[in-house]
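Per TrEMBL, these features apply:
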- 1-58: region 'Disordered' (REGION)
- 24-36: compositional bias 'Basic and acidic residues' (COMPBIAS)
- 64-452: domain 'Catalase core' (DOMAIN)
- 108, 147, 196, 394, 398, 405: heme binding site (BINDING)
- 111: active site (ACT_SITE)
- 183: active site (ACT_SITE)
Ligand code: HDD
């Protein structure tokens, strides 16, 4: 297609004349196929049984076999006498064990560990200028299912590892399902899908001992990313605080590739998709992440489910960066087909087009979160692909992997994967076929089943690919020259970071590389860092005790993009957790008021006392949610130290769990409280206290003059200031800023 025409594609190509004449004209739409309902809701003849579609083999009050025969015992095998041998004829035993033996399916080859939620996407209608996709172009609501994930770890690995996070959204639109299968990092490790098996082999545990689990701090990972320097940009994001998000609710999401949108007039536009969290983008500190891996490996999964259950529905705005669809597929010199590039928001602002709200937890993890099958090729009219070679490979991989993971080609019939649009395909049979297809002519056109189904044109909703020109070219295994600049965008990212963010990046590289055994890999990694920034390289080299090499490329004078920094703004504090530590006796009324104030501010109080149970059991009791024995600072975002006894007496003294007596008379402060306070301080979290809390803080080495420490007359007063500090996520002044 010529350039003039590229932005002026006719409404869509007229439907091609069929190669064989249609035997009949389109008439009434066909009824929805039985596979639109659960098997329980449809009789073998395809007639509804009246059972709710939600019935998932759980109807009737009696325990039955899979065939519906009622059971009188499910605890004892059938035996020849109570002490005799178990009989092979026990069909119930065999059915129960056989089914159990096959309960597991292969975990995802990447993104195995995840958590998901249902929700609603509300299009603002503002995208009508650039796309005809109704769920974006109209002011309308579309059901969605979103799965977040880590990439490298197995299904049972920890949530708070340093890794990229998946952010995959299934939009059940009326025109078919659209999947936006993105990440929380806007660039990717590689530029061509053919290298995907290699980067994943390098990132996964070593094949001999299968360690380390869910980590990038090992030789093979760093070997790959330093030999394939296109990975530099993504790796730098991983080593930044983006690699350890505070919560799935506080992550950005990116479609990564450039997509092509088509509007009703047929005009095309290139776009990049962005999800912007309403709560802001926030991260853990590395030490918090590591402690959390042990304390609560399900931290992110729990956080998402708890927030939704509590009604604190997480929200993201969907936005697009818009670029003209020019022949070069570039914007301001940035190659839009290279998935290791971003386009700074300062050059192309993110324009909001809709709002995502996650408002319901899955009912069953396996049926929904595990069996959901995403695929970048699940597209709807109005959204098309570009020639990004990474995207093209993905279009093959996702369909293919589901066949092995979900046991055959009929995974689209699983409840979570069913489209909300009517389906009338000619796909038949195969493993796990649950539809009972009627008719005798699963081919088209035909003259037996009324000629149905009929073909649609673009004017009645067919998905018609944009007829872009494919330039005449030689077949080659090559990348374009523009794909060979691997350092100027990482440099842009580095220069956009604030000093404290740079400090974290330096610490992350130093940590990860210090875990490598091979000297050559560390040296190569330092060379990569020298090509990003000499200061970054120098400090990491110091940490490793190695000399810093000189850059081997000319360092680009890139403009920073302030939008890339996570600091400098204030954010809503809804859903943040405030730990309230008490000795269980002092100023209980103050604790009640502080608790209420936390709830009124939309946050979550977590009362921590020496022992469990109720405080002040008689009147208006306060439930203890954690004890000194099972609490750790990583579970909350800010700390309130409730009043402690008068100076001189034991403060939060350790008590015998049974007798409730102090175990160590004269101990000033329970060491577990000191540890909590010290960690909270070290991690830059706001600290508030009242009525004698200063003694405990001093014991932990924290002075009341320290930044982000508020001592007030009451818990409510302290909380007011703590909430303000929380708006910036952390007390950033507490971190050393070396760069
Ligand atoms: Fe992928 C899963 C994101 C490149 C092959 N990928 C998967 C998931 C996400 C992404 C979020 C989890 C989906 C879920 O929750 O079920 N992947 C990306 C992004 C990429 C990317 C943002 C680059 C921009 N992926 C990529 C390439 C290939 C794959 C280049 C292969 C050539 N990805 C897969 C896969 C997975 C997958 C093997 C594993 C499970 C699945 O698909 O359903 O096919």
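Keep in mind that glycine also has a Cβ here, set from the backbone N, Cα and C atoms.
Whatever TrEMBL says is automated annotation, not expert-curated.
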Most Cβ neighbours inside 10 Å, all chains, among the binding-site residues 147, 405: 147
Rounded distance in angstrom between the Cα atoms of residue 405 (heme binding site) and residue 183 (active site): 21
Alpha-carbon distance [residue 111 (active site); residue 398 (heme binding site)] in Å: 12
Residue 196 (heme binding site) CB neighbourhood, other CB atoms within 10 A: 18
Cβ packing number for residue 398 (heme binding site), 10 Å threshold: 17
Assigned conformation of residue 147 (heme binding site) - DSSP reduced to three states: strand
Cβ neighbours within the same chain of residue 394 (heme binding site) - under 8 Å, at least six residues apart: 181, 193, 376, 377
Neighbour tally for residue 111 (active site), based on other Cβ positions within 10 Å of its Cβ: 22
Assigned conformation of residue 405 (heme binding site) - DSSP reduced to three states: helix
All-chain count of other Cβ atoms within 10 Å of residue 108 (heme binding site): 21
CB contacts for residue 183 (active site) [other CB atoms within 10 A, all chains]: 24
Maximum Cα-Cα separation (Å), residues 108, 147, 196, 394, 398, 405 listed as binding heme: 21
